[in-house]
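**Q** Here you go, one structure.
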Amino acid sequence: MEIIFRGAALEVGRSCIEIKTDKSKILLDCGVKLGKEIEYPILDNSIRDVDKVFISHAHLDHSGALPVLFHRKMDVPVITTELSKKLIKVLLKDMVKIAETENKKIPYNNHDVKEAIRHTIPLNYNDKKYYKDFSYELFSAGHIPGSASILLNYQNNKTILYTGDVKLRDTRLTKGADLSYTKDDIDILIIESTYGNSIHPDRKAVELSFIEKIKEILFRGGVALIPVFAVDRAQEILLILNDYNIDAPIYLDGMAVEVTKLMLNYKHMLNESSQLEKALKNVKIIEKSEDRIKAIENLSKNGGIVVTTAGMLDGGPILYYLKLFMHNPKNALLLTGYQVRDSNGRHLIETGKIFIGKDEIKPNLEVCMYNFSCHAGMDELHEIIKKVNPELLIIQHGEEVQATILRNWALEHGFDAITPKLGEKIRI
């Protein structure tokens, strides 16, 4: 057996791992790394005979390179949950649309997206299937609705658990991960390490701090701009704003609108579905340019809240709103998600400047950060590792510092742990 790390090795983004035996070849995820330039996994000609692709969840860093396979005329089934399939379709179509609008080249088109979705076979959680020399089963990963950890049981008596992105604790939107796979012996655990060196602050305390800041902005007549990931963070923020009964107009813009409506068709996968329905009814939805113009008029006069994409400021309506509102210190930008290295959001944090188009600008509004992560914190990662108790621990999907700290902890606790480099191959 050989495991090849085609992406997300000592980095966050472009998740893609190949597992190859004498009888089968699969990919675990096929994502992109978003930033000023889009980076792709190593997808050379050796992947042409892949038997199956498993997608852990819809986020583009796990699904965004999937159409590349179909652009190359590959005929390969894709396995994921039904909700992930629907979300992936929305996100991939949007990626093509943005590329066309911004005149950026990406290595696939709308036809390739359609082919990727046509080849996608939905699979329920806890429904074991068999193929060639292995069985496979999906377990709820607790990261976002529809996310899955993937259990692979090979005939050579090697069992592999790929966590994907995972979270043990409940959030308002999603219930924590199902770890029932720990009842079986697992030889190899492939685990994320986004927060391999830090414990998340108390969620309730973060919410209260966030709400207090919004009230402060509204009291001074300002606009609170809240950039969000369309999948998960947008809905989590809507649930929080709804729960605290914020008395101000809340505008929901960008792809978050379509995604929220889609999620409400899968209420069994949501933690607070009735509250999300209520939250959506209480916001002003921006569906066309006239809505946006009217919203900007009202915001300029009276202040208010804008919840919109993109969460890392690399595109989407947030840049339009920033261009208009970033020169007034009464206004504020409230970052609610992880800012990947080389993203516009990370650039703002590190330099105090932001790119809008080709212009690098120093905004004159307040910038705040809040940890509403849907990833496991360091303590949760430790808990998973201890419960699984693998013979080999493979740490990926984390920047070098985070991955290395998690590896060192694992080594100190008696685990055989590695942090593979991009392109590295290991034999089992």
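Each residue's number is its place along the chain shown, starting with 1.
Just so it is clear, glycine is given a Cβ too, placed from its N, Cα and C backbone atoms.
What Swiss-Prot records for this protein is below:
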BINDING   H57, H59, H143, D165  Zn(2+) 1 binding site
BINDING   D61, H62, D165, H397  Zn(2+) 2 binding site
**Q** In this structure, which of the binding-site residues D61, D165 has the fewest other Cβ atoms within 10 Å of its Cβ?
**A** D61
**Q** What residues, ordered by sequence, lie under 8 A Cβ-to-Cβ from H397 (Zn(2+) 2 binding site) and sit at least six positions away in the same chain?
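**A** A8, V12, S15, D165, E192, S193, T194 - these are the non-local Cβ neighbours of H397 (Zn(2+) 2 binding site), listed in sequence order.
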**Q** Are there any residues at least 6 positions away along the chain from H59 (Zn(2+) 1 binding site) with a Cβ closer than 8 Å to its Cβ? List them or say none.
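**A** G31, L91, I144, D165, F229, V231 - these are the non-local Cβ neighbours of H59 (Zn(2+) 1 binding site), listed in sequence order.
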**Q** Tell me, by DSSP, whether H59 (Zn(2+) 1 binding site) is helix, strand or coil?
**A** coil
**Q** Can you give me the Cα-Cα distance between H143 (Zn(2+) 1 binding site) and H62 (Zn(2+) 2 binding site) in Å, rounded to a whole number?
**A** 13
**Q** Other than H57, H59, H143, D165, which residues of the same chain sit close to Zn(2+) 1? List them in sequence order, counting a residue when its Cβ is within 8 Å of the Cβ centroid of the site.
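**A** Result: S56, A58, H62, A141, I144, S147, G164, D232, C374.
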**Q** Determine which residues of this chain, when D61, H62, D165, H397 are set aside, have a Cβ within 8 Å of the centroid of the Zn(2+) 2 site's Cβ atoms, and list them as they appear in the sequence.
**A** A8, V12, G13, S15, D29, G31, S56, H57, H59, G164, E192
**Q** May I ask which residues of the same chain, at least 6 positions away in sequence, place their Cβ under 8 angstroms from the Cβ of H57 (Zn(2+) 1 binding site)?
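**A** When sequence neighbours closer than 6 are ignored, H57 (Zn(2+) 1 binding site) has S63, T80, S84, A141, H143, I144, G146, S147, A148, G164, D165 within Cβ distance under 8 Å.
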**Q** With an 8 Å cut-off on Cβ-Cβ distance and a minimum sequence separation of at least 6, pull the same-chain contacts of H62 (Zn(2+) 2 binding site), or say none.
**A** S15, D29, C30, G31, I55, S56, G164, D165
